[in-house]
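Here's the structure we're looking at; comments come further down.
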Amino acid sequence: MAKRDYYEVLGVARGASADEIKKAYRAKAKQLHPDRNKDCKVSEAAFKEVNEAYECLKDDQKKAAYDRFGHAAFENGGGGFGRGNGHGDFGSAFADVFEDLFGDMMGRRAGGGGRSRASRGQDLRYNLRVSLEEAYNGAQKTINVPGSVACAACNGTGAEGAVEPATCPTCSGMGKVRATQGFFTVERTCPTCSGHGQIVKNPCQECRGAGRVQKERTLSVNIPAGVETGTRIRLAGEGDAGMRGGPAGDLYIFIEVREHPIFMRDGRMLACQVPVSMTTAALGGEIEVPTIDGGRSRVKVPPGTQSGKQLRLRGKGMPPLRHGPGLNGEAGDMLIELAVETPVNLTARQKELLREFEAINADNNPQTQGFFQKIKGFWDEMKG
């Protein structure tokens, strides 16, 4: 069976550079590696063919001989090309594949001269903590966001000077190449331009051809009234800069509202616990309570108030988030839970008055009387 052209095997043009040949080989070897295609004889044969082609084309002397004489240059001992078991330098080949596999994950290929067509930047996330007062009133916050910005040296093109990106010679600008494996023809991403269809032959030295550089930016963010923990604010175009002039991603700000020393929040509802004196609880009266807007409101305490009683202030809770469909409406309420305070550090006279009060207080503690009646009934049943 006639051997296939080595350039065809690797999917590169005859005028391909050493870097282009190496990139094409890595992509092919990664795709056809035996670890990825176990028990597949077609892939195994194709993998050997790729290694054989690369062993020839990566060597300048062997490549020159092949370009002149084709496969005949290495027949009958010509040229001294030893194929061995068909794998060539397998250790080197595997190292190239390993580097390619994990190099992509670690971002070590960002400085290469291959990719060039514009692509959108990544979206970014920023967690922002605000106070409850800021969530109530709304606020303007200044934040520092690390990320990438368009390279000033090349205006985001990735090319040095006025050099324009060139059409990829491997895929002719299509971004895809076709490879034949046995009876199958497979279309895959072009290994030279990584699917972008263009290459930068003279990459910018500042950004190494990426069209963007790392830089921390200072942004002003408008926090609308009514936000709560989990609220997401989108700043369009404030994410990472795009590759080589592509559009920037978006910045998503996730709000976290800090706990408040006085108020507890549940949606639009606010709640707080307010102490009330024993006499005010017994006789009734008025007390002042703080509100989230920084003011104070007077509320009436009914006579005979017990600890845990709740009073409601209409419209004194959190405002609605005034952004988005279905989010408008009225402000929430504020619940006030009263805690009757037992007096401490009593004087002798105060103690005497309380004892006198207790002596004539038999019919004024219905809950206490009811409780002990239940206890008495319980013990009577046990004895019976």
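Glycine residues also receive a Cβ, built from the backbone N, Cα and C atoms like all the rest.
Per-residue pLDDT, averaged across the repeat 'CXXCXGXG motif' (151-158), gives 84. The feature repeat 'CXXCXGXG motif' is assigned by Swiss-Prot to 151-158 (among others).
Less than 8 angstroms from the CB of Cys151 (Zn(2+) 1 binding site) sit Gly158, Cys204, Glu206, Cys207, Ala210, Gly211, Arg212, Val213, each of them six or more residues away in the same chain. The Zn(2+) 1 binding site annotation in Swiss-Prot covers Cys151, Cys154, Cys204, Cys207, and the record cites sequence analysis as its basis.
Across the repeat 'CXXCXGXG motif' (168-175), DSSP helix (H, G, I), strand (E, B) and coil residues number 0 helix, 0 strand, 8 coil. What Swiss-Prot records for 168-175 (among others) is repeat 'CXXCXGXG motif'.
Annotation comment: Swiss-Prot describes Cys168, Cys171, Cys190, Cys193 as Zn(2+) 2 binding site. Cβ-based neighbour count (10 Å, all protein chains) for Cys190 (Zn(2+) 2 binding site) stands at 25. According to DSSP, Cys190 (Zn(2+) 2 binding site) sits in a coil region rather than a helix or strand.
The annotation repeat 'CXXCXGXG motif' is assigned in Swiss-Prot to 190-197 (among others). When Cβ-Cβ distances below 8 Å are used as the criterion, the repeat 'CXXCXGXG motif' (190-197) is approached by residues 11-12, 16, 20, 23-24, 26-28, 114-117, 119, 167-171, 173-177 of the same chain, each at least six residues removed from its ends.
Summarised by DSSP class, the composition of the repeat 'CXXCXGXG motif' (204-211) is 0 helix, 0 strand, 8 coil. What Swiss-Prot records for 204-211 (among others) is repeat 'CXXCXGXG motif'.
The region 'Disordered' annotation in Swiss-Prot covers 300-322.
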Cβ neighbour count within 10 Å of Cys207 (Zn(2+) 1 binding site): 25
Listed binding-site residues (Cys168, Cys171, Cys193, Cys204), ranked by Cβ neighbours within 10 Å, top entry: Cys193
Cβ neighbours of Cys154 (Zn(2+) 1 binding site) where a neighbour is any other Cβ within 10 Å: 26
Number of helical, extended and coil residues in the repeat 'CXXCXGXG motif' (151-158), per DSSP: 0 helix, 0 strand, 8 coil
C-alpha spacing of Cys154 (Zn(2+) 1 binding site) relative to Cys171 (Zn(2+) 2 binding site), in angstrom: 26
